[in-house]
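In Swiss-Prot this protein carries:
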type	residues	note
BINDING	His165, Asp166, His169, Glu181	Zn(2+) binding site
Amino acid sequence: MTPAVTQTILTVRIARPHGYGYVLLSRGFSALNRPPPNYPGHIPLTTFERGALAVGSAIGSLLNPRRGDLIAALGEATATPYFIYRLRDAMLSDPTGRRILRDRPRISSKTLSIEYLRSLPPNTVGRTYVGWLDREGVGPDTRAPVQYIDDEECAYVMQRYRECHDFYHAITGLPVVVEGEVALKTFEFANTLLPMTGLSMFAVMRLKPAERERFWKLHLPWAIRSGLASKEVINVYWEEQLERDANELREELGIEKPADLREIRKMMRRQKAAEEAAKAKDGQ
């Protein structure tokens, strides 16, 4: 092989029990067999690679639901060939969705003034959003760029969904704990039909018994009911809604606000502490 022929390596992360980490498996593919990228950062995949990426990232994200990179890879590997196109078509069929596709806005600390959002009146969408970011200790710059979706426009749709995820958190009030993430992902599945959001429900098995019971009885019915009843959230131009009343926007979208999960968890912890204190007192 001449020096002009380069070798491209795709690393497929397949999680296997190995302490607290996972084993990385690599397979090399000749650049001659790989089509050129369709946009900056694009990594074209063969059918085998896409399947391996889906399986590996699914296992890895199940073992560690906090691995955002694996969840992102799973989302991209399972979104094609149908689901991301359905979401793109939903945007094309909506006037606001078409504007979003034309304008290609991005959500980051460079495009949103966090200090301005903090100055907005209470209960506005912007103040609710930044309040949620502050409370959860996260920021708008944590979303990885899309790499594995071939169609450039569909890649933007996935990027837009990914960057709007925290707005979904803020408008529903769900925290970033695993219980809150699973509830929100279930809502997103009912609303967007992206397979990754549905597969995230398997993380329920990692919840504590009380949390699982709460999910089945409280969060799952809410997520299905609200996700199916609400408008397509991908078509919300969040940048234009920042000064609106959050309750008004929820009503317009048809999103029912779930029970305050943080307050529920606090109440359960207080109740457990009181029960343990009572047992300790009885044992004296």
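Here the Cβ of each residue, glycine as well, is placed from N, Cα and C on the backbone.
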Count of other CB atoms lying within 10 Å of the CB belonging to His165 (Zn(2+) binding site): 19
Env. residues of Zn(2+) site, Cβ within 8 Å of mean position of His165, Asp166, His169, Glu181 Cβ: Phe167, Tyr168, Ala170, Leu174, Val176, Leu184
Cβ neighbours of Asp166 (Zn(2+) binding site) where a neighbour is any other Cβ within 10 Å: 21
Those residues of the chain, 6+ apart, with a Cβ under 8 Å from that of His169 (Zn(2+) binding site): Trp132, Glu136, Pro175, Val176, Gly180, Leu184
Other CB atoms within 10 A, centred on Glu181 (Zn(2+) binding site): 19
